[in-house]
Amino acid sequence: MNRLEEQIEERGHWGSKAEFLLAVAGSVVGLGNIWRFPYLCYRNGGGAFLIPYLVFMITCGVPLFLLETAMGQYTQEGGITCWHRLCPLAEGIGYAGQLIILYGCIYYIIILAWALFYLFFSFSSQLPWASCDNTWNTDDCVNLAARNLALNRTTPNNSTLAATEFWERRVLALSGGIEEIGKINWEILLCLIAMWIICYFCIWKGIKTTGKVVYFTVTFPYVMLLVFLIRGLTLPGALQGVVFYLYPEPSRLTDPQVWMEAGTQIFFSYSVCFGSLIVLGSYNQYNNNCYRDCWWLCLLNSGTSFVAGFAVFSVLGFMSQEQGVPIEEVAESATFHKITGYYKARAEKMIDIIEDMTKSRPNYMFMLCWKYLTPIVSLVSFVCSMVKYKPLTFNRWYVYPDWAYSLGWLLALSSILLVPGWALIRMFTEKGSLKQRWHHLCSPDTNLPFICKQQAEIEENTFIAEMEDLVRSNTN
């Protein structure tokens, strides 16, 4: 058994194809599909938003999804060592992806802690976010859950919903600004610790535990989404919400902001450029049909986003009718929650590699996207995001201090600068002339499966040619 086979055996594989599909689905389908996509769709032209969304999906989302999954399956390596074996000069992409995942885990685990906090309170006989009789409520608190209150009473302009006060005053315990740290919210802290412990035990034995956990963590949310969808569509006012969600405004297509937000949504919801798809793909068998898996998973991802919009806006339509306010106000007050820069791979060879693994050659469109469309579209999106940049505000009125904006830019640049920074370090520390260093750092590992097959074929053809020459010389 050679070194590569020993390494693959030690790394292990998914117990079944279902484990891989569910793990990837759990990675790419999340809050970005349930909250962010419906909100962006309504805010950027309704049904017309689907046009730029589909453009970015075809030119960036699906090609990068296939590329990363295939890279992991081909190299049988993680997000960092994969780049080291394919192109050492671009290894910084792997480190940048891991840093982004670290940042993502820090804020995603907090969202899970909030969800756990809400779960505990949901077992109360009287839901605390449905009444104004709690210690954290103010005199401006109103409860519009009851129909008669919404229809027969005029509420003051400065009133706040009970659910909003529970969120801001009980869960978040908002202070006057980021410079006011305030006291530790022990209940949220305990929920946060509990979620970290749960996440640890979900992954502590690698794919042996992760492959089993995803059967519940991925399928159960879909069951709940289906229940949410059926319930929402049967509520009065649901049709109003759905129409508001999908009503097309073609004029918005001329706004660059619409296209930029469609691009950011694709990069965010498809989990590309993070390295997670490389890791999940690396546990596949070498001959797994990742090309077919890519199409099904991308369809599942975008389909979930589209269907979730019906579930969310049907409920918003119901809330609008119950509260007697325009649906725009309900949608704006609801809680809705970029990765660019990708190394230009040798697309032709990647097509050959995927064909070698799956025994089917990907569409020529993928090579066109990898070589031209994806880098160009990603670069344009990045430039537009810089040109259209507006400082972040909270609730549209609180402006963060300068040091907070500086910290935000530091976090953003910390991952971006890792890519050229790592490349420069490797170029300066490598031995040999500049040309030799460049050639060595841009060359893949010769022990990779496809390269080994090519070398074996060359040696075999050379041996056959030598034997034929020997036979001809003996004959003469």
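Cβ coordinates are placed from backbone N, Cα and C, and glycine is handled just like the others.
Heads up, TrEMBL stuff is auto-annotated, nobody curated it.
In TrEMBL this protein carries:
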- 20-37: transmembrane segment (TRANSMEM)
- Gly26, Val29, Asn33, Ser269, Asn301: Na(+) binding site (BINDING)
- 49-67: transmembrane segment (TRANSMEM)
- 100-121: transmembrane segment (TRANSMEM)
- Cys132-Cys141: disulfide bond (DISULFID)
- 188-207: transmembrane segment (TRANSMEM)
- 219-246: transmembrane segment (TRANSMEM)
- 258-283: transmembrane segment (TRANSMEM)
- 295-318: transmembrane segment (TRANSMEM)
- 364-383: transmembrane segment (TRANSMEM)
- 403-425: transmembrane segment (TRANSMEM)
Note = Neighbour count check, CB within 10 A, over recorded positions Val29, Cys132, Cys141; minimum at Cys132
Ask   = Cα distance, Cys141 (disulfide bond) to Asn33 (Na(+) binding site), nearest Å?
value = 31
Query = Which whole-number value in Å describes the distance between the Cα atoms of Asn301 (Na(+) binding site) and Cys141 (disulfide bond)?
reply = 39
Task = Write down the Cα-Cα distance for Cys141 (disulfide bond) and Ser269 (Na(+) binding site), rounded and given in Å.
result = 36
Query = So which residues does the transmembrane segment (49-67) touch in its own chain, when a touch means Cβ under 8 Å and the partner is 6 or more beyond its ends?
reply = 40-41, 252-253, 258-259, 262-263, 265-267, 270, 272-273, 277, 290-291, 294-295, 297-298, 302, 342, 345, 350, 354, 362, 365-366, 369-370, 373-374, 377-378, 381
Request  = Verify whether three or more Cβ pairs under 8 angstroms connect the transmembrane segment (20-37) with the transmembrane segment (364-383), leaving out any pair fewer than 6 apart in sequence.
outcome  = no
Ask   = Under DSSP, is Cys141 (disulfide bond) helix, strand or coil?
value = strand
Key: Folded-back contacts onto the transmembrane segment (403-425), same chain, C-beta under 8 angstroms, at least six residues removed   = 89-93, 95-97, 99-100, 103, 178, 341, 343, 391-392, 441
Request  = Please report how many Å separate the Cα atom of Gly26 (Na(+) binding site) from that of Cys132 (disulfide bond), as a whole number.
outcome  = 37
Note = Cα-Cα, Cys132 (disulfide bond) versus Val29 (Na(+) binding site), nearest Å, comes out at 35
Note = Row Asn33 (Na(+) binding site), column other C-beta within 10 angstroms, all chains, value 25
Inquiry  = So if I draw a 10 Å sphere around the Cβ of Ser269 (Na(+) binding site), how many other Cβ atoms end up inside it?
reply    = 23
Inquiry  = Comparing the binding-site residues Gly26, Asn301, which residue's C-beta has the most other C-beta atoms within 10 angstroms in this structure?
reply    = Asn301
Note = Integer Å value for the Cα distance linking Cys141 (disulfide bond) with Val29 (Na(+) binding site) is 35
Query = Hey, for the Na(+) site built from Gly26, Val29, Asn33, Ser269, Asn301, who else sits with CB inside 8 A of the CB center?
reply = Ala25, Ser27, Val28, Gly30, Gly32, Tyr270, Ser271, Leu300, Thr304, Ser305
